[in-house]
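Listed in Swiss-Prot:
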- M43, A191: substrate binding site (BINDING)
- R118, T164: ATP binding site (BINDING)
Amino acid sequence: MDRCGAYLDTMRSTAPLVQCITNFVAMNVMANVLLAAGASPAMVHDAEESGEFAAIAQVLTINLGTPSPRWVEGMEAAARGAVAAGRPWVLDPVAVGATAFRRGLGARLLALKPTVIRGNASEILALAGAEARGKGADSADTVAAAEAAAQRLAEGSGAVVAVTGPVDFVTDGRRGIRCGNGHALMPKVTALGCSLTGIVGAFAAGQPAFEATAAGLAFFGLAGEEAARRAAGPGSFQVAFLDALHAMTPDDLDRGAKLEAA
C-alpha cells in the first residue's frame, strides 16, 4: 500500500473527535495516545448521552473491557446513534469469548454493523464463532490461525477486520494486508491495545476503512519501534511512545511502514 503518510496527514488536518467507550484501565492512556497522535478524544459512555454524542463525533470506538449493565446500554445506544448518523464505528471485542455475558454482548454489537473490528487472534476467532484459546484479554492463538476466521467475519459482517499481534492482518473479506511494524515492549504497557483501537478509529474518520486501518496499524507500530530505541524498559517506553506518536511525520510513516499484500 502506497502513501500511508497521506492518511496520517488527513487525520491530523481534521483532528477528528473520537468518542471512546473504553474500560477503566484504558481511559487515561487512550486519551493521551489520541492527543499525541493529533486526534481529539471524548470519553463519553453513559446511555443518557452516548447515542446523541455519537452523531456529534466523527467516529465512535467501543471496547468491551469492563462491561456493566449501564455501560452496555451506553455502548448499544452509541452504536445505534453512530449508524443512524452515518458515522464509522470500531468494535474492540475484548475477551469476547471468556463468558456468556461477553459473547452475547459481542453478538449484539456485531449486529449493529461496526465499520471496523480490531482484536487479537483469540478475540477474532471467538467473535467469528470459532474455537479460541484466549486468556482473559490476552491471546493464546496466533494471528495466522485467525486469518481465515477474520475473512469469514469480514464477509459476514461487512466490516474491515484487523487481527493484531506480532504481525497484524487486515481484511475486508476480499483483500488482505499484513503489517510488520511493532516492538516486543508494546504488550508490556497496559492499555496500548485498547489505545490502538482509538488510533484505528481516528484514521477511519472520513477515510476508506481498509486502507485507513492498515495505515493506522503501521503508524502505531512504527511509533513503538521508535520509542523502543530510546527506552530502558516499559516505564520509559510509555513516555517515549507518546513522544514518538507526536513527532512522526507523514514522510516518516511512508519510509517506515512495513505493509505487504496478503
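Just so you know, glycine gets a Cβ as well, placed from its N, Cα and C.
A quick note: this is a predicted structure, and the numbers were derived from the prediction, not measured.
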Same-chain residues six or more away whose CB lies under 8 A from the CB of T164 (ATP binding site)? R118, G119, N120, V143, G193, L196, L217
Would you mind listing, in sequence order, the residues at least six apart from A191 (substrate binding site) in the same chain with a Cβ closer than 8 Å to its Cβ? N23, V25, A26, V29, M30
How many other Cβ atoms sit within 10 Å of the Cβ of M43 (substrate binding site)? 14
Quick one: give me the count of other CB atoms within 10 A of the CB of R118 (ATP binding site). 33
